[in-house]
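What follows is a single structure, written as structure tokens, with notes after it.
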Amino acid sequence: MSQPSSDGQRQPAIVILDFGSQYSELIARRVRETEVFSVVIGYSTTADELRRMAPKGIILSGGPSSVYAEHAPVCDPAIWDLGIPVLGVCYGMQLMVQQLGGAVEAATGKAEYGKAPLEVDDPTDLLNNVENGSTMWMSHGDSVKALPEGFVRLAHTANTPEAAVANLERKFYGVQFHPEVVHSTCGMALIRNFVNHICGCEQDWTTNAFIDEAVALVREQVGQKRVLLALSGGVDSSTLAFLLKKAIGDQLTCMFIDQGFMRKGEPEFLMEFFDQKFNINVEYINARKRFIDKLKGITDPEDKRKIIGTEFIRVFEEESKRLGPFDYLAQGTLYPDVIESAGTNVDPKTGERVAVKIKSHHNVGGLPKDLRFKLVEPLRKLFKDEVRKVGRNLGLPEEIVRRHPFPGPGLAIRILGEVTDEKLNCLRDADLIVREEIRDAGLYHDIWQAFAVLLPVRSVGVMGDQRTYAWPIVLRCVSSEDGMTADWSRLPYDLMERISNRIVNEVKGVNRVVMDITSKPPGTIEWE
């Protein structure tokens, strides 16, 4: 079982050493789907540090380097003497082979990228329940030339003789493919075999267990002190509000700053939902005029973001002093933010760890240091999908738990060019129609994001035998798993027709609706 450490923090049962793979976080997510707690740490973590962490298993991630390159990242060789099962994935497998006495070479003419059928040679142990011929995702330009002593082949593909290998006695395993990606059809079976059967991990990473632990830790940290939370209405801050309410009750104060860029009816809904229905203390701050005045004449999207962020900080600072004093600031920092700030990424040219600037949480990342808050971040262990599960278990309604992502600057960056009250009213009405029609069609939860964009141009039209010169609205709908990549959603033609007809007929100032059919990449989901 993942036991708490001396500071009350849960210790990971599985640790992933990150060698710079784009899939390292995904490996951790897949392990957690087996109800086992896992974390991503830097590849340079020493064997002594790992011994103190006492994980049940270690996974070596993939990476962009070649193990024979001059500055290739390597793990502490003493790891192989810890007596802990190890699974190497892609680069991780090649590193295992090289450090234990085998050989790796460039796969000249035999590099594999994309899907490949896996031919299973030994269906026991790691490959139990992995079907022969099942599709696995390949992404490698190197291959194993010679196995270390004690290793055997478990599987192969047409171009990769050593697609899966193992030293069964020492419980060292390597796979040249990526079992963590959705394209690998039996990837989860392999991960379960390693985590649950080979490592013997208990399945104790459950939503209810997390809630109980988080509540206890918040109570211990905060005591009788007051906590302030900037509430946006998104799933992260909403889940955090419910968790803190459960932990410390009326010691929590939420501040909802209405900057005037939210969707139609949202401020009223949020105040009724949190303050009246669930008795969470929410201070409503109407700052609409301040924000719209600051954006007068501003057209550059980055300038808009900076101005909105700066003004948010000013309002937050003023109101926190008025409502305070507060000892703690609650933030919805999630685990991907923690990973980025820890700098587990790798520069393939130098082999050095690269620190990536942590993402600022919704609007509060640049709070002045003189506010002197201590931070409460009980969600910092969780991925986004885990936050949704926690919110659901705490009683958040589905309309918030499964709410489409919404940018911090709100509609201000969905209005291209200068933001005015007239444009905001126009876009709110159009955006509401988009969401209503997609919900009525039963497609809302099948789409990652669906919204309207107002362009800073006008087009000629004809309505009631009269010439019109009005704004066009862009319909933007995308499908995605995590927002990192996205494909434009193929909406039914009759649905697009209903949306277009309603917007043109019901929204004053609009005479044309167009569809954005750009995927990400090359485009981004938002226009600004």
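FYI, residue positions are counted from 1 along the chain as it appears here.
Glycine is treated like the rest: Cβ placed from N, Cα and C.
Remember, it's a predicted structure, so these values are computed and weren't measured experimentally.
Feature annotations, courtesy of Swiss-Prot:
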type     : residues                                               : note
DOMAIN   : 13-204                                                 : domain 'Glutamine amidotransferase type-1'
ACT_SITE : CYS90                                                  : active site, nucleophile
ACT_SITE : HIS178                                                 : active site
ACT_SITE : GLU180                                                 : active site
DOMAIN   : 205-403                                                : domain 'GMPS ATP-PPase'
BINDING  : SER232, GLY233, GLY234, VAL235, ASP236, SER237, SER238 : ATP binding site
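All chains included, 24 other C-beta atoms sit within 10 angstroms of the C-beta of SER237 (ATP binding site). Put simply, of the active-site residues CYS90, HIS178, GLU180, the one whose Cα is nearest the Cα of GLY233 (ATP binding site) is GLU180. Taking Cα separation as the measure, SER238 (ATP binding site) is nearest to GLU180 of the active-site residues CYS90, HIS178, GLU180.
Geometry remark: ASP236 (ATP binding site) versus CYS90 (active site, nucleophile), CA distance 33 Å. In terms of local Cβ density within 10 Å, SER238 ranks first among the binding-site residues SER232, SER238. Of all the binding-site residues listed here (SER232, GLY234, VAL235, SER237), VAL235 has the Cα closest to the Cα of GLU180 (active site). The DSSP secondary structure for VAL235 (ATP binding site) is helix.
Closest in space to HIS178 (active site), of the recorded positions given as CYS90, SER232, GLY234, VAL235, SER237, is CYS90, taking the CA atom of each residue. For the pair CYS90 (active site, nucleophile) and VAL235 (ATP binding site), the Cα-Cα distance reads 35 Å.
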